[in-house]
Each structure stands twice: as C-alpha cells, then as structure tokens.
Amino acid sequence: MATLVPPPSKRQCIAVAEKAREQQDIDSIPDNLGSIRIQFYDQATGQSSGAPVSIPVADATVKNLELLLNTLQRNDSSERIPYRFTYRSDIGQSNLDDTLDISSDLYHSLLKPGLKTTEDSISLQYTPQAVFRVRAVSRCSSSIPGHGEAILATSFSPSSSSRLVTGSGDNTARIFDCDTGTPVHTLKDHTSWILVVSWSPDDKNIATGSMDNTVRLWDPKTGKALGAPLKGHTKWVNGLAWEPYHLQTPGRPRLASSSKDATVRIWDVVPKRIETVLSGHKGSVSCVRWGGTGRIYTSSQDKTVKVWDATRGTLIHTLSSHAHWVNHLALSTDFVLRTAYHDHTGEIPPTEEGKIAKAKERFEKAATINNQIVERLVTASDDFTIFLWEPSTSTKPLARLMGHQKQVNHVIFFPDGLYIASSGFDNHVKLWNARDGKFITTLRGHVGAVYMSCFSPDSRLLVSGSKDCTLKVWDVRTGKLKEDLPGHKDEVYAVDWSPDGGKVASGGKDKAVRIWRH
C-alpha cells in the first residue's frame with residue numbers, strides 16, 4: 001500500500017500564506033511615485049542612444065526598458081535584441097567599482113535603497129545579450145565506450161558540435177562524430193597519459209599534451225600525426241594555448257605549452273621548432289592563456305601569475321597576491337579567441353583576409369569597454385580565493401573574491417564577459433560579477449567536489465561536472481538548477497559545451513564519453 005503524505009497542518013498553511021504575502025509586498029512597486037527620467041548609454045562606446053525619456057516608476061521594469069530601448073533604436077519587433085542594464089554614478093569615469101546591475105526594476109535597484117530619487121535623471125548603460133538562445137541539454141544521446149582509462153580532457157571543434165576530441169589515461173586521444181555517436185579516429189603515438197587537448201582556432205589542427213613530456217599535432221580530418229612530436233619539456237605538459245587567429249602570420253600558427261618543468265615553450269608548428277622559452281616560474285606552470293593583445297598569461301604552483309610579451313618573449317609583470325598554488329586562470333576574451341571567425345550564424349568569410357578581419361572584429365567587440373580594449377584575467381588558487389586582474393593597467397588585483405571553503409579548482413569568464421563562475425572542492429559553483437568581483441550567488445546541488453564548469457555560448461546557462469558522478473545545468477539569471485544529468489558511473493573530470501550551443505560532452509573515470517543534447 002502506498003504511503004500518503006499527510007495534509008499540511010493549520011500552522012503550516014498560515015506560515016505559507018504569510019510568506020507569500022510578505023514576498024508580494026517585497027515585489028510590488030508603489031503606484032504613486034510618478035515618473036523618472038532615463039538616459040541610455042552604450043557600455044562599449046559610451047555614446048547615448050538619444051534624448052532622455054520619462055517613464056512611470058511602476059513600469060520601469062527590465063522587460064519594459066528592453067522594449068523602450070528597442071523602440072528608440074528602431075528595431076523591428078521580429079529583430080528585438082535582449083539587453084542587460086547597469087547603473088553607474090558617473091558614466092564618464094572608467095572606474096567600475098560602483099557599477100550596479102538592474103536585476104528586476106529601477107524601484108528595487110535604485111530608488112528603494114536610496115541611491116536615486118524620482119527628481120534625478122538616471123543614466124543607464126546597456127549591453128546586448130546574445131541574440132540567439134541555447135536550450136538546456138536534458139538527455140544523453142550517446143554513451144561511447146572505447147577509451148581504456150579515465151578521460152582527462154575533452155574539447156569540441158570551434159566550428160561545430162559535430163566533432164569532439166578527448167584525451168585519456170590510456171595514452172590515446174580520440175576524435176568522435178557526435179551526430180552519429182561513433183569514434184572516427186584514434187590518435188595513438190603518445191607513450192603516457194594525455195592531460196590536455198586543444199583545437200586550433202581555424203579548426204585545422206589538434207594539439208595534445210602528455211605526461212611523456214611531448215606535444216603532438218594531428219590532422220582532425222585524417223587522424224594522422226603531423227610530423228614528429230614537439231620535444232623540449234623535461235616534465236609533463238599540462239597546458240596548451242594557440243596564438244589568436246587575428247595575430248597569426250598566415251600559414252604559420254604558433255602554440256604555447258606549459259609544463260611541470262616550470263617553463264612555457266612557444267612552438268612554430270610548421271617547422272616544429274621551439275621559438276621561445278619563457279622561464280621565470282619556480283614551480284609547475286599549471287595553466288597558460290594567449291591573449292588577443294599579444295600577451296601570454298601563465299599561472300604556477302609558485303603562487304604567482306606572470307604576464308609575457310609573446311613577440312619578444314620577455315616578462316612584463318609578475319602578479320603575486322595568492323598565498324598558495326594558482327590552479328587555473330581565464331581571460332575575459334577566451335570564448336572569442338577559441339572560436340576566431342566562427343559564430344552562431346555559421347557564415348565563414350571566403351578569403352584569408354576576411355577571416356582575420358572577422359576574428360579581429362569579434363575580439364575587439366568582446367574586449368571593448370568605454371572605447372578601450374580591456375582584457376581581464378581571473379585566477380583560482382588553493383588558498384580558497386580568486387583574484388580579478390586588469391594587467392594592462394595595474395599589477396594590483398581589482399578584487400579579491402572570497403567565499404569558497406576549500407580549494408578553487410577551476411574558473412571561467414562567460415562569453416559576454418559579465419560573469420565569472422568558479423568551481424571548488426567545497427561542492428559549490430559560485431557566480432561573481434566580472435566588473436567588480438562582487439558575489440552574486442552560490443549554485444548548490446552537487447554532493448562532491450566540482451572539478452570544472454563551462455558556459456553555453458549565449459551566457460544564459462552553465463554546466464558543471466563533479467566527483468558525485470553527475471552533471472548539472474544551471475540557469476544563470478535565477479541561480480537555480482535547470483537540469484540534473486545523472487548517467488556517469490564514476491567521477492566526471494572533463495566537460496565542454498560546443499561553441500554552437502548544440503551539445504555538451506563529458507568524460508571521466510568511467511572511461512565513457514557521453515554526449516548530451518536538448
């Protein structure tokens with residue numbers, strides 16, 4: 001006989017009704033406050049969208065502000081763009097410490113806290129959100145066996161969600177066709193674990209880094225090795241970063257590799273030779289990123305982050321605020337640098353010049369704040385903290401992000417550059433404001449350490465992989481769990497969301513690659 005849940009008691013009913021009434025009082029906007037004047041400014045350029053407009057306070061919600069701005073910009077109803085609004089006391093200043101997100105409406109964000117009154121004219125900055133929407137993945141479409149050991153790294157092609165490469169402890173990397181759920185090629189020449197895999201931005205090469213101290217290059221179409229291995233490191237390779245496409249000499253891409261031997265090597269991948277060795281760290285280099293302004297960023301177990309000039313191979317800055325190993329770093333432009341000239345439209349310029357121009361345009365659009373190209377950096381450490389940096393202006397951190405109770409293993413910027421997500425061994429994923437480093441919310445649900453997380457290309461969703469054998473998809477706006485994805489039989493080490501938003505791939509200790517889709 002099924003057990004029936006008893007009906008709520010009278011006391012419980014009264015408590016629920018009281019809570020609902022209080023919430024309604026909090027959410028309601030008084031209708032006797034009159035109107036307020038608003039001036040819209042483009043956050044990227046600082047230009048106003050026209051003359052100030054007066055609207056009733058009761059109607060000054062984010063949804064209505066979106067409609068109003070689209071009308072002012074004369075966008076057709078079929079081409080309406082979603083916007084995110086922020087308030088800053090002085091639009092002309094470059095200091096972003098006083099930036100405030102308008103989450104629901106102007107009354108609760110500005111008027112009720114006493115920041116502004118109805119007598120004031122309010123200047124709002126607007127940022128367009130992605131014009132396409134990614135649907136949350138909700139089911140496993142393929143579980144592909146083949147690897148003989150745990151899967152340690154996974155990466156989608158920058159051009160589509162059809163192809164995926166994974167690296168494993170069985171000394172092989174594999175390329176999969178995600179549409180049919182079948183392995184296409186096995187990349188076999190390494191002699192030890194493959195710790196990192198990376199597609200080149202033009203989709204023509206795959207690089208793998210291994211515990212055999214070498215880097216290898218592969219042709220993704222044939223699965224064949226492109227020449228001999230790149231030898232030079234004396235300990236295992238744990239990070240790879242391709243030169244951004246708009247900075248490359250046509251036909252001569254370069255690759256940076258970081259290693260446990262405390263060095264970073266820059267390779268000219270065509271002649272397979274070392275171009276520069278960046279030495280200066282005193283411990284294992286845990287992560288490397290190649291920025292769109294020609295700088296290379298490295299993090300290390302010597303507690304420092306170093307900024308290098310990629311052209312001359314010289315050290316520019318040493319950022320030393322962490323008190324323990326620096327585990328991971330991320331750039332605010334990571335997504336556009338990874339995808340280069342590939343975007344959600346699928347349109348690829350026919351000429352080399354067109355590809356470089358599109359890649360440069362996408363980078364500059366993502367990096368521009370108040371008419372300046374700003375590349376921000378975020379670092380995660382075993383000291384339980386995260387630091388937000390702007391190395392082009394200062395060697396001091398912009399903000400110290402505290403809240404994790406254990407080591408922080410992984411950190412990422414969202415594609416729109418407005419949020420940061422951090423994953424820690426305290427079972428939590430935390431969201432932070434990327435402008436000032438302020439805490440937004442904690443995504444609670446995992447019951448084991450969270451190894452990494454990644455975002456959807458429209459910046460609205462986040463997926464995290466954990467020691468608890470699950471993936472979880474989160475709604476960034478609400479901070480709530482969107483989908484719980486069980487299926488793995490052991491810990492999930494690697495996860496990636498395809499740049500076109502169509503699929504999520506995951507791998508871990510159970511040796512199976514799983515493809516998830518909506």
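Note that the numbers count up from 1, one per residue, in the order the chain is shown.
Heads up, the Cβ atoms here are built off N, Cα and C, so glycines get one too.
TrEMBL: automatically predicted annotations, no manual curation.
The feature domain 'NLE' is assigned by TrEMBL to 36-100. Secondary structure of the domain 'NLE' (36-100) per DSSP (helix as H, G, I; strand as E, B; remaining residues coil): 17 helix, 19 strand, 29 coil.
The feature repeat 'WD' is assigned by TrEMBL to 144-186 (among others). Long-range neighbours of the repeat 'WD' (144-186) within the same chain, counting only residues 6 or more positions beyond its ends whose Cβ lies under 8 Å from a Cβ of the stretch, are 192-199, 201, 203, 206, 208, 210, 212, 218, 220, 222-223, 338-340, 342, 348, 493-503, 505-515.
The annotation repeat 'WD' is assigned in TrEMBL to 187-228 (among others). Per DSSP, the repeat 'WD' (187-228) is made up of 0 helix, 18 strand, 24 coil.
Residues or ranges marked as repeat 'WD' by TrEMBL: 230-269 (among others). Listed as Cβ neighbours of the repeat 'WD' (230-269) (distance under 8 Å, sequence separation of 6 or more from its ends, same chain) are residues 192-193, 195-198, 200-202, 205, 207-217, 275-279, 281-292, 294, 296, 298, 300, 302, 308, 310, 313, 337, 340-341, 352, 355-357, 359-360, 363.
For the repeat 'WD' (278-318), residue counts in helix, strand and coil come to 0 helix, 24 strand, 17 coil, using DSSP. Per TrEMBL, the feature repeat 'WD' maps to 278-318 (among others).
According to TrEMBL, the repeat 'WD' annotation covers 401-442 (among others). Cβ atoms under 8 Å from those of the repeat 'WD' (401-442) belong to residues 84, 86, 96-97, 99, 101, 127, 129-130, 327-336, 366-367, 376, 378-382, 384-388, 448-455, 457-459, 462, 464, 466, 468, 474, 476, 479 of the same chain, restricted to positions at least 6 beyond its ends.
Residue counts for the repeat 'WD' (443-484) under DSSP (helix as H, G, I; strand as E, B; rest coil) come to 0 helix, 23 strand, 19 coil. TrEMBL lists 443-484 (among others) with the feature repeat 'WD'.
Across the residues of the repeat 'WD' (485-518), the predicted structure has a mean pLDDT of 92. Per TrEMBL, repeat 'WD' is recorded for 485-518 (among others).
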May I have the DSSP-based helix, strand and coil counts for the residues of the repeat 'WD' (230-269)? 3 helix, 22 strand, 15 coil
